Amino acid sequence: MNNLTPENIRQTILATPFLLNRIRTEFPQLAAVLNDPNAFATTWQSINASQLLQIPSSTYSMGMPSFSEDDLFDVEVQRRIEEQIRQNAVTENMQSAIENHPEVFGQVYMLFVNVEINGHKVKAFVDSGAQATILSADCAEKCGLTRLLDTRFQGVAKGVGMAKILGCVHSAPLKIGDLYLPCRFTVIEGRDVDMLLGLDMLRRYQACIDLENNVLRIHGKEIPFLGESEIPKLLANVEPSANAHGLGIEPASKASASSPNPQSGTRLGTKESVAPNNEGSSNPPSLVNPPTDPGLNSKIAQLVSMGFDPLEAAQALDAANGDLDVAASFLL
């Protein structure tokens with residue numbers, strides 16, 4: 001960090017929770033002047049900068065006893081030595097990152113755009129990692145879409161947590177910039193995000209997430225991403241997690257067997273693999289009902305030739321009681 005000015009260092013510390021906590025603990029005199037650029041520069045120059053970056057080697061060697069030659073051949077001792085070497089490597093790697101690439105410890109803000117649904121303004125979370133476009137139950141009600149909710153398409157959205165899928169709105173007008181685009185929404189419980197713009201819509205309209213220019217480009221139109229101050233506060237401080245991958249939807253019956261509370265999750269990314277279940281039926285929904293129509297395979301093949309997913313085609317035919325035209329309208 002020797003090539004950085006005190007002001008750059010101050011901004012990096014303020015934007016990095018790890019460094020900020022450490023400064024407050026180990027260098028309170030520096031933490032006290034973090035909001036005063038001039039006082040910070042003076043205090044910084046009076047402190048050996050290397051102190052801020054160095055983690056004492058004794059941190060990981062404390063509690064490690066000395067070993068005799070005979071002990072060195074012990075499996076448990078070898079394992080402890082290996083773990084100490086690994087921890088030292090991790091520490092060295094982190095010190096190198098802080099010194100050479102401090103920006104990697106900064107905050108990454110989510111991508112949001114302004115949209116309108118039935119004349120109601122909504123901040124949509126752009127997520128190319130989610131297969132389906134999501135609408136919260138509250139937002140669907142505010143936008144007047146609950147009357148179009150098809151409750152046969154129920155299930156559970158799985159991600160970091162789980163959330164109950166209430167159904168689908170097969171087509172509703174979505175305004176993005178100057179464009180009016182028909183959109184299919186999966187409506188779920190939860191209030192973390194009003195709307196999530198998933199890969200189905202992004203691919204359908206050949207959208208381009210242009211991070212260099214900070215815009216979402218659709219059919220030549222550029223929709224700017226919202227600035228940090230405009231992002232909904234609930235997601236402004238979301239940290240990346242390894243558990244945020246592998247998002248999917250399971251039928252409600254399968255999810256309830258693996259979790260006592262399938263409505264407790266909050267992650268909105270989904271993978272559309274839910275089968276519609278008949279309203280009022282006491283049977284739990286299944287992935288695909290057993291085929292009773294001898295021409296079902298040929299109908300699925302026709303829908304697949306139109307560009308639809310085979311599993312979704314089978315589910316739509318099941319919901320439409322085998323009617324090919326109705327099933328196609330579900331998928332549009």
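Cβ atoms are placed via backbone N, Cα and C, with glycine included.
For 251-264, the entry in Swiss-Prot reads compositional bias 'Low complexity'.
The compositional bias 'Polar residues' annotation in Swiss-Prot covers 275-286.
If you average pLDDT over the domain 'UBA' (291-332) in this model, you get 77. The domain 'UBA' annotation in Swiss-Prot covers 291-332.
Feature annotation from Swiss-Prot assigns site 'Involved in interaction with monoubiquitin' to LEU303 (among others). Take the CB of LEU303 (site 'Involved in interaction with monoubiquitin') and look out to 10 A: across all protein chains shown you find 21 other CB atoms. The secondary structure of LEU303 (site 'Involved in interaction with monoubiquitin'), as reduced to three states from DSSP, is helical.
The feature site 'Involved in interaction with monoubiquitin' is assigned by Swiss-Prot to MET306 (among others).
Its Cβ taken as reference, GLY307 (site 'Involved in interaction with monoubiquitin') is surrounded by 8 other Cβ atoms within 10 Å in the chains shown. Residues or ranges marked as site 'Involved in interaction with monoubiquitin' by Swiss-Prot: GLY307 (among others).
Per Swiss-Prot, the feature site 'Involved in interaction with monoubiquitin' maps to ALA316 (among others); the stated evidence is experimental evidence.
Over all protein chains present, the Cβ of ASP318 (site 'Involved in interaction with Lys-48-linked diubiquitin (Ub2)') has 24 other Cβ atoms lying within 10 Å. Positions annotated as site 'Involved in interaction with Lys-48-linked diubiquitin (Ub2)' by Swiss-Prot, on the basis of experimental evidence: ASP318 (among others).
Residues or ranges marked as site 'Involved in interaction with Lys-48-linked diubiquitin (Ub2)' by Swiss-Prot: ALA319 (among others).
Non-local contacts of ALA327 (site 'Involved in interaction with Lys-48-linked diubiquitin (Ub2)') by the CB criterion (under 8 A, 6+ apart in sequence, same chain) comprise LYS299, LEU303, ALA313, ALA316, LEU317, ALA319, ALA320. ALA327 (site 'Involved in interaction with Lys-48-linked diubiquitin (Ub2)') carries a helical DSSP state (H, G or I). Swiss-Prot lists ALA327 (among others) with the feature site 'Involved in interaction with Lys-48-linked diubiquitin (Ub2)'.
The number of other CB atoms found within 10 A of the CB of ALA328 (site 'Involved in interaction with Lys-48-linked diubiquitin (Ub2)'), across every protein chain shown, is 18. The site 'Involved in interaction with Lys-48-linked diubiquitin (Ub2)' annotation in Swiss-Prot covers ALA328 (among others).
Sequence-distant neighbours of PHE330 (site 'Involved in interaction with monoubiquitin') (same chain, 6+ apart, CB under 8 A from its CB) are HIS170, ALA316, ALA319, ALA320. Residues or ranges marked as site 'Involved in interaction with monoubiquitin' in Swiss-Prot (evidence: experimental evidence): PHE330 (among others).
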Three-state secondary structure, which DSSP defines for ALA316 (site 'Involved in interaction with monoubiquitin'): helix
Whole-number Å value for how far ALA328 (site 'Involved in interaction with Lys-48-linked diubiquitin (Ub2)') lies from MET306 (site 'Involved in interaction with monoubiquitin') (Cα to Cα): 9
Entry from the recorded sites list ALA316, ALA319 having the most other CB atoms no farther than 10 A: ALA316
